[in-house]
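Quick look at what TrEMBL lists:
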REGION    1-35  region 'Disordered'
TRANSMEM  61-81  transmembrane segment
TRANSMEM  93-115  transmembrane segment
TRANSMEM  140-166  transmembrane segment
TRANSMEM  178-198  transmembrane segment
TRANSMEM  204-228  transmembrane segment
TRANSMEM  288-311  transmembrane segment
TRANSMEM  340-361  transmembrane segment
TRANSMEM  395-418  transmembrane segment
TRANSMEM  424-442  transmembrane segment
TRANSMEM  454-474  transmembrane segment
TRANSMEM  486-508  transmembrane segment
Amino acid sequence: MFSFLRSPEVGLSNDPQGVVHRKNEKEESVVAGLDSDPTSNVNPGELTFEEDTAGGIGRHLGVFSCTMLIIGRIIGTGIFSTPSTILGSVGSVGASLLLWVAGFLLSFCGLFIWLEFGTMFPRSGGEKVYLEAVYRRPKYLATVIFAASAIILGFSASNCIVFARNILVSAGHSADRWVVRGIAIGVIVFTTILHGFAPRLGVYLMNILTLFKTIILIFVVVTGWVVLSGKTRVKDPHLNFRDAFVGSSNSSNDYATAMFKVLFAYDGWQNVNYVLNDVKNPVRTLKIAGPLGLGITSALYILANISYFAASSKDDILKSGTTVASLFFKNVFGNHAQRALTAFVALSALGNVLTVTYAAARVNQELAKEGVPLPFKNRFWASNWPTRNAPLPGLIVHLIPSVIVIIAPPPQVAYPFILDISGYPSQIINLFIILGLFYLRWSKPHLPRPFKVWLPLAFFFLVANVFLLVAPFIRPANKVGDTPPLPYYLYCLIGIAVIVFGVLYWAVWRLVLPYVFKFRLVPRKEVLEDGTVVTLVSQLTGFCTEMFSVGWPGLTEFSFPGKGWQGR
């Protein structure tokens, strides 16, 4: 009547290709002990450290690639495109520069918090792992909430749109609405195919584009110094720095909304945390690459803003829309240089899309491995199909919302609205991460911590997050915000709705359906052909539930002959 099949023993020995390479055996044995020790009660999720890191291409990212992964994620189009919208929100050059400095400080505080978590749990997934380590009950609630945010809002639409617009301008064509959308969709499809079928080539291309755009940004900074010396065609390079705070906004909403855009421009300092299963000697690499990558980009960002304000008047910057870097090159070198810079910005956007997509696919794969219910069964979404080296199914999960966001919003408000809507749920999750850090410091002070953040910095990050969550609901000075005709508070409500959707999805999966259909959810583990270990949640009902509860040996899978259904 029933057939009982013993699931294969999970572990590194099941990896058919032997792709999981250890760079530092002592370091990882300590981490594995922390993850799997039942007395510590901090193992994130269902999988142990060895199970979670099994399968895939193995550890192939060193300090250089990880630093490039951070710089490439941070330097996208924000520094080239958003200074004008930030200036428009806060009203003055001085306030705008202070926000960029504040964003640098906040980002470093966040980096140190993520370093503490990342060195304690050097596993792919980032916030998913840290939420699971802290918020263990109700089971799967934190995982599903993060999954809702990561999948629904985990798109690369903004930089695809910026690439399309800038490449058309550089080619001398008008940025027609559907032409822009078509090119943007082509970019995200190309990225999906590249990372899905040639992951090493994708990493090489990411590194090359990151070096290229870093050089371009250095050139902008050096050019700004020359402009400030008065030896260029710019007539008064010090104009914006006299009475720099004239016109500053008095609305906290304006500053909060602008800060979301600044933090979006700095976003990416946590990028290595998402892919630690691919990193050689992950603890040491993370502690080096994180501060190095963020430090380089922060210095370039602040100096680049000074360069922009030296080369253009405040009014000209406000009229530039999302192409303030092009305006900078036009004022300094002329129209031909402006067109060339536009092409450079397009390549920078492409590099950012490659970097974001690489990390997002690993996060999606980790969610599937944890057992979060997805259509067409988790085996597929957790796998490295078809190459056994790259998570193409996770890339497809990232592709779908990216295409939807590229097509859906009105083009005149798409870019600033995307920046706003992406930032708010991230701040909600960040709030719970920092609260979790304080909780673990209090409840488990003796856990091994290869890196410890200074608690005053963590408290500063907490206060700033609370402000960024509350202030956007206060009416801005212009009464409409920066994305009319959409209400100024709409992006906050959408962000909250995404979190609420995660709670409802969890409640239906874990509470409503089991209650209505009288079954019990029981997790089990399975090793896929590529060596990846995945958690599968079985639905046990009636007689099978009774057998499982009394401990029938080997009961991990069962089927009803003739009905084509298995308890998975």
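Glycine is treated like the rest: Cβ placed from N, Cα and C.
Comparison of 61-81, 93-115, 204-228, 340-361 by number of C-beta pairs under 8 angstroms to the transmembrane segment (178-198) places 340-361 first.
Proximity of the transmembrane segment (454-474) to the transmembrane segment (93-115) is established through 3 or more Cβ-Cβ distances under 8 Å for residue pairs spaced 6 or more apart. The highest tally of CB pairs under 8 A with the transmembrane segment (340-361), across 93-115, 140-166, 424-442, is held by 140-166. Of the Cβ pairs linking the transmembrane segment (424-442) with the transmembrane segment (93-115) and spaced 6 or more residues apart, 3 or more are under 8 Å, so the two regions touch. Residues 45, 76-77, 81, 127-128, 131-132, 134, 175, 179-185, 187-188, 191, 322-323, 326, 342-343, 345-346, 349-350, 352-353, 356-357, 360, 363-364, 367, 370-372, 397-398, 401-402, 404-406, 414-415, 418-419, 421-422, 425-426, 428-429, 432, 495, 498-499, 501-503, 505-506, 509-510 of the same chain lie 6+ residues outside the transmembrane segment (140-166) yet bring a C-beta within less than 8 angstroms of a C-beta in it.
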